[in-house]
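Written out below as structure tokens is the structure these notes cover.
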């Protein structure tokens, strides 16, 4: 017979598995539709019209029209296509289900149109809202926070193709003063994360790792080098943190979402022309292209890092629906490659992984997620002790610093912001 503790853990097992599978399927469907639309906008349509895909006019035109389209969705839809991601953490309060269809449309348009944001925040918002709404009907005695945690875990597992990230993140958020053991509380979220990851794996495998030269043995000087790289990435990220609320306030003085997002799309188009096609979109596929291109120089990597970081700030400040983690990883890779080209004596594995750690830490302020992203992009077990050590001065540098998020004006209702 099972112990009462085991029976308690099993109570939410089936709902957790169902939520994990559903979270993954929603992500897969959204990404597939966005991929088809992206292929139409950036491959078939310019080919049919006889226009080069990297034509400046095409890049500016598509991104400007994308901004206008997203602005129309936000302006004229019930719920204004969900909350403004610039004002929200990755895991937030559930939104009304009526806002979800337009939020999904706004996300798909942004992903397909080349906006420098990832899918993580809107997908998280959708999955949390659905889990809370449906869960409250089916099992009303389970509180909203439980459904929120399960949906968040399932989404994280689906996004990264592994439950490890969810285990790391929730090991700190669920580790309170309760007498219930931590792993008892982690059981259902990990079930959701595992179900989400396995479901994603049936359709495609998220490919984060980069073909970077293997790192052999850790030296004492490598720790210093890694700490310096992380500090440089943090400094770059904090410039973006300073710019975001100011640009957000300036853009939102125009009040009209169509105008704000149209101008934002136009600026993104100009940045895309300067950085080239590799600086567009969420950044995961593009960072693979960046590493594969042997022709890039130190100045090219620097330009890509600056352009992508600027595009991330502009997209977030304008009100595009999307997440900041994936483009931040691209910025970290570009910074790391630039620093390796500038100082070849420091292995690329160190510069890239530590730059990712630093920039993702600025964006998320989550040490475990930052370590996870650095470790999966540069998968080398020899790096793990170094990354853990480098995390310490990086965390000290960011202690008490503002987060990459905009404080919502008090006079505005929760979900009416652009």
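Cβ coordinates come from backbone N, Cα and C, glycine included.
Taken from Swiss-Prot, the feature transmembrane segment covers 15-37 (among others), and the record attributes it to sequence analysis.
As annotated by Swiss-Prot, transmembrane segment applies to 57-79 (among others), with the evidence given as sequence analysis.
The transmembrane segment annotation in Swiss-Prot covers 99-118 (among others) and rests on sequence analysis. For the transmembrane segment (99-118), same-chain residues at least 6 beyond its ends with a Cβ under 8 Å from one of its own Cβ atoms are 30-31, 33-35, 37-38, 40-42, 59, 62-63, 65-67, 69-70, 73-74, 77-82, 85, 125-126, 129-130, 265, 268, 272, 279-284, 308, 311-312, 314-316, 320-327, 415.
Sequence-distant contacts of the transmembrane segment (149-171) (same chain, six or more residues past either end, CB-CB distance under 8 Å): 12, 15-16, 19-24, 27-28, 91, 119-120, 123-124, 127-128, 130-132, 135, 182, 186, 188-190, 192-197, 199-201, 205-206, 208, 366, 368-369, 371-372, 376. The transmembrane segment annotation in Swiss-Prot covers 149-171 (among others) and rests on sequence analysis.
Per Swiss-Prot, the feature transmembrane segment maps to 186-208 (among others); the stated evidence is sequence analysis.
Sequence annotations record features per position, and here Swiss-Prot assigns transmembrane segment to 221-243 (among others).
Positions annotated as transmembrane segment by Swiss-Prot: 258-280 (among others).
Residues or ranges marked as transmembrane segment in Swiss-Prot (evidence: sequence analysis): 301-323 (among others).
Taken from Swiss-Prot, the feature transmembrane segment covers 343-363 (among others).
The transmembrane segment annotation in Swiss-Prot covers 376-398 (among others) and rests on sequence analysis.
Three or more CB pairs closer than 8 A are found between the transmembrane segment (186-208) and the transmembrane segment (15-37), so contact between the two stretches is assigned (pairs 6 or more residues apart). Sequence-distant contacts of the transmembrane segment (221-243) (same chain, six or more residues past either end, CB-CB distance under 8 Å): 305, 309, 312-313, 317, 328, 331-332, 335-336, 339, 346-347, 350-351, 353-359, 361-363, 386-387, 389-391, 393-394, 397-398, 401-404.
Here the transmembrane segment (57-79) touches the transmembrane segment (301-323). Their Cβ atoms form 3 or more pairs under 8 Å, with each pair 6 or more residues apart. Under 8 Å from some Cβ of the transmembrane segment (376-398) lie the Cβ atoms of residues 160, 162, 208-210, 212, 214-218, 222-223, 226-227, 230-231, 234, 287, 329, 332-333, 349-350, 352-354, 356-358, 361-362, 365, 367, 370, all in the same chain and six or more residues away from its ends.
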